[in-house]
Amino acid sequence: VIRAKAVSAKEVDSGNDIYGNPIKRIQYEIKQIKMFKGPDQDIEFIYTAPSTAVCGRLLDTGGKKEYLIAGKSEGNGKMHITLCDLVSTWDSLTPTQKKSLNQRYQMGCECKISRCLSIPCLISSSDECLWTDWAMEKNNVDGRQAKHYACIKRSDGSCAWYRGMAPPKQEFLDIEDP
(Lines of atoms letter the chains of each structure in order from A and count residues from 1; the text may use other names and numbers.)
(Lines give C-alpha, C1' and ligand atoms only; values in the text may rest on other atoms or scores of the structure.)
Protein backbone atom coordinates (compact mmCIF):
# COMPACT_ATOMS: atom_id res chain seq x y z
CA VAL A 1 0.00 0.00 0.00
CA ILE A 2 1.67 3.18 -1.19
CA ARG A 3 1.08 6.83 -1.95
CA ALA A 4 2.62 7.63 -5.32
CA LYS A 5 2.56 9.61 -8.56
CA ALA A 6 2.84 8.03 -12.02
CA VAL A 7 5.44 9.90 -14.07
CA SER A 8 5.55 7.85 -17.28
CA ALA A 9 4.02 4.82 -18.97
CA LYS A 10 5.16 2.43 -21.68
CA GLU A 11 4.00 -0.87 -23.09
CA VAL A 12 6.35 -3.75 -22.36
CA ASP A 13 6.47 -7.48 -23.08
CA SER A 14 5.77 -9.63 -20.05
CA GLY A 15 6.56 -13.11 -21.35
CA ASN A 16 4.36 -15.33 -23.49
CA ASP A 17 0.99 -16.97 -23.01
CA ILE A 18 0.53 -20.75 -23.33
CA TYR A 19 0.30 -20.40 -27.13
CA GLY A 20 3.57 -18.48 -27.43
CA ASN A 21 1.92 -15.09 -28.01
CA PRO A 22 3.54 -12.12 -26.25
CA ILE A 23 1.78 -10.76 -23.18
CA LYS A 24 1.74 -6.97 -23.11
CA ARG A 25 1.68 -4.92 -19.92
CA ILE A 26 1.73 -1.21 -19.18
CA GLN A 27 4.74 -0.29 -17.07
CA TYR A 28 4.19 2.84 -15.03
CA GLU A 29 7.29 4.49 -13.64
CA ILE A 30 6.27 5.98 -10.33
CA LYS A 31 7.56 8.37 -7.72
CA GLN A 32 6.76 6.80 -4.37
CA ILE A 33 5.78 9.36 -1.74
CA LYS A 34 5.11 7.00 1.16
CA MET A 35 4.98 3.27 1.84
CA PHE A 36 2.22 2.29 4.27
CA LYS A 37 2.68 -1.47 3.94
CA GLY A 38 5.02 -3.46 1.75
CA PRO A 39 8.62 -4.43 1.08
CA ASP A 40 11.65 -2.70 2.59
CA GLN A 41 12.52 -0.99 -0.69
CA ASP A 42 10.77 1.67 -2.75
CA ILE A 43 8.43 0.64 -5.52
CA GLU A 44 9.81 1.89 -8.83
CA PHE A 45 7.37 0.40 -11.33
CA ILE A 46 3.73 -0.60 -11.36
CA TYR A 47 2.52 -3.06 -13.99
CA THR A 48 -1.02 -3.54 -15.25
CA ALA A 49 -2.85 -5.01 -18.23
CA PRO A 50 -2.99 -2.74 -21.30
CA SER A 51 -6.72 -1.94 -21.06
CA THR A 52 -9.63 -1.99 -18.63
CA ALA A 53 -11.22 -4.69 -20.80
CA VAL A 54 -8.57 -7.09 -19.45
CA CYS A 55 -8.62 -5.60 -15.92
CA GLY A 56 -5.90 -3.00 -16.41
CA ARG A 57 -5.85 0.22 -14.39
CA LEU A 58 -5.24 3.54 -16.10
CA LEU A 59 -3.19 6.13 -14.21
CA ASP A 60 -2.58 9.76 -15.08
CA THR A 61 1.12 10.10 -15.95
CA GLY A 62 1.45 13.86 -15.70
CA GLY A 63 3.09 13.47 -12.27
CA LYS A 64 0.50 15.79 -10.75
CA LYS A 65 -2.11 13.32 -9.42
CA GLU A 66 -1.23 11.46 -6.27
CA TYR A 67 -2.73 8.02 -5.74
CA LEU A 68 -3.27 5.62 -2.88
CA ILE A 69 -2.49 2.24 -4.43
CA ALA A 70 -2.94 -1.19 -2.91
CA GLY A 71 -1.60 -3.88 -5.22
CA LYS A 72 0.50 -6.99 -5.25
CA SER A 73 4.23 -6.60 -4.76
CA GLU A 74 6.87 -8.98 -6.07
CA GLY A 75 9.26 -7.58 -3.46
CA ASN A 76 11.78 -6.50 -6.09
CA GLY A 77 10.54 -2.98 -6.67
CA LYS A 78 7.72 -4.17 -8.95
CA MET A 79 4.03 -3.97 -8.15
CA HIS A 80 1.02 -5.24 -10.09
CA ILE A 81 -2.48 -3.73 -10.07
CA THR A 82 -5.81 -4.75 -11.60
CA LEU A 83 -9.34 -3.38 -11.55
CA CYS A 84 -9.89 -5.41 -8.36
CA ASP A 85 -7.16 -3.53 -6.45
CA LEU A 86 -7.73 -0.31 -4.55
CA VAL A 87 -6.52 2.69 -6.55
CA SER A 88 -7.87 6.07 -5.42
CA THR A 89 -6.72 9.61 -6.00
CA TRP A 90 -5.25 10.98 -2.77
CA ASP A 91 -7.52 14.04 -2.97
CA SER A 92 -10.64 11.81 -3.01
CA LEU A 93 -9.80 10.31 0.42
CA THR A 94 -11.52 11.66 3.51
CA PRO A 95 -9.47 13.18 6.34
CA THR A 96 -10.33 10.10 8.43
CA GLN A 97 -8.98 7.75 5.73
CA LYS A 98 -5.74 9.72 5.47
CA LYS A 99 -5.31 9.80 9.24
CA SER A 100 -6.16 6.10 9.52
CA LEU A 101 -3.47 5.16 7.00
CA ASN A 102 -0.87 6.66 9.31
CA GLN A 103 -2.32 5.74 12.69
CA ARG A 104 -5.41 3.53 12.86
CA TYR A 105 -5.50 0.74 10.31
CA GLN A 106 -2.49 -1.02 11.82
CA MET A 107 -4.48 -1.28 15.07
CA GLY A 108 -6.83 -3.66 13.24
CA CYS A 109 -4.36 -5.98 11.54
CA GLU A 110 -5.52 -8.89 13.72
CA CYS A 111 -9.19 -8.11 13.09
CA LYS A 112 -11.33 -9.60 10.35
CA ILE A 113 -13.77 -7.48 8.38
CA SER A 114 -16.81 -9.52 7.37
CA ARG A 115 -18.90 -8.32 4.44
CA CYS A 116 -22.65 -7.98 4.88
CA LEU A 117 -24.18 -8.33 1.42
CA SER A 118 -27.82 -8.50 2.54
CA ILE A 119 -29.64 -8.01 5.82
CA PRO A 120 -29.66 -9.77 8.30
CA CYS A 121 -25.94 -10.32 8.88
CA LEU A 122 -24.14 -11.91 11.79
CA ILE A 123 -20.56 -12.07 12.95
CA SER A 124 -19.15 -15.40 14.08
CA SER A 125 -16.53 -14.18 16.54
CA SER A 126 -15.61 -11.11 18.59
CA ASP A 127 -12.53 -10.38 16.42
CA GLU A 128 -14.75 -9.35 13.49
CA CYS A 129 -16.14 -6.01 12.36
CA LEU A 130 -19.27 -6.22 10.23
CA TRP A 131 -18.96 -4.09 7.08
CA THR A 132 -22.45 -3.01 6.05
CA ASP A 133 -21.87 -0.30 3.40
CA TRP A 134 -22.92 -2.66 0.58
CA ALA A 135 -26.16 -3.79 2.22
CA MET A 136 -27.19 -0.51 3.84
CA GLU A 137 -26.20 1.97 1.13
CA LYS A 138 -27.51 0.44 -2.10
CA ASN A 139 -24.45 -1.60 -3.14
CA ASN A 140 -22.01 1.16 -2.24
CA VAL A 141 -18.43 -0.01 -1.60
CA ASP A 142 -17.32 3.50 -0.64
CA GLY A 143 -19.89 4.33 2.03
CA ARG A 144 -19.85 5.71 5.57
CA GLN A 145 -17.85 2.88 7.14
CA ALA A 146 -15.24 2.91 4.36
CA LYS A 147 -14.86 6.69 4.54
CA HIS A 148 -15.12 7.41 8.25
CA TYR A 149 -14.38 4.30 10.35
CA ALA A 150 -11.50 1.98 11.18
CA CYS A 151 -11.85 -1.54 12.59
CA ILE A 152 -9.49 -1.73 15.57
CA LYS A 153 -8.60 -4.30 18.21
CA ARG A 154 -9.58 -3.47 21.78
CA SER A 155 -7.90 -4.47 25.04
CA ASP A 156 -10.12 -7.54 25.52
CA GLY A 157 -9.18 -8.89 22.06
CA SER A 158 -12.49 -7.96 20.46
CA CYS A 159 -12.66 -5.72 17.42
CA ALA A 160 -14.93 -2.73 16.90
CA TRP A 161 -15.50 0.11 14.47
CA TYR A 162 -13.92 3.35 15.62
CA ARG A 163 -14.94 6.72 14.21
CA GLY A 164 -12.99 9.82 14.95
CA MET A 165 -9.99 11.89 14.07
CA ALA A 166 -8.46 11.70 17.56
CA PRO A 167 -6.69 8.53 18.68
CA PRO A 168 -9.04 6.10 20.46
CA LYS A 169 -9.29 6.81 24.19
CA GLN A 170 -8.33 4.07 26.62
CA GLU A 171 -11.98 3.80 27.71
CA PHE A 172 -12.95 2.77 24.16
CA LEU A 173 -10.13 0.25 23.97
CA ASP A 174 -11.03 -1.20 27.40
CA ILE A 175 -14.75 -1.72 26.67
CA GLU A 176 -15.76 -5.36 26.91
CA ASP A 177 -18.54 -6.69 24.74
CA PRO A 178 -21.26 -8.68 26.55
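Just so it is clear, glycine is given a Cβ too, placed from its N, Cα and C backbone atoms.
Among the features that TrEMBL reports, domain 'NTR' is placed at 1-109. In this model, the domain 'NTR' (1-109) carries an average pLDDT of 90.
For CYS111-CYS159 (among others), the entry in TrEMBL reads disulfide bond. Packing around CYS159 (disulfide bond) is summarised by its Cβ count: 23 other Cβ atoms lie within 10 angstroms of its Cβ, all protein chains included.
Residues or ranges marked as disulfide bond in TrEMBL: CYS116-CYS121 (among others). Within 10 Å of the C-beta of CYS121 (disulfide bond) we count 15 further C-beta atoms, all protein chains included.
Taken from TrEMBL, the feature disulfide bond applies to CYS129-CYS151 (among others).
Between CYS116 (disulfide bond) and CYS159 (disulfide bond), the C-alpha separation comes to 16 Å. For the disulfide-bonded residues CYS111, CYS121, CYS159, a Cα to Cα distance of within 10 angstroms from CYS151 (disulfide bond) holds for CYS111, CYS159. Sequence-distant neighbours of CYS129 (disulfide bond) (same chain, six or more apart, CB under 8 Å from its CB) are GLY108, CYS111, LYS112, ILE113, SER114, ILE123, CYS151, CYS159, ALA160, TRP161, listed in sequence order.
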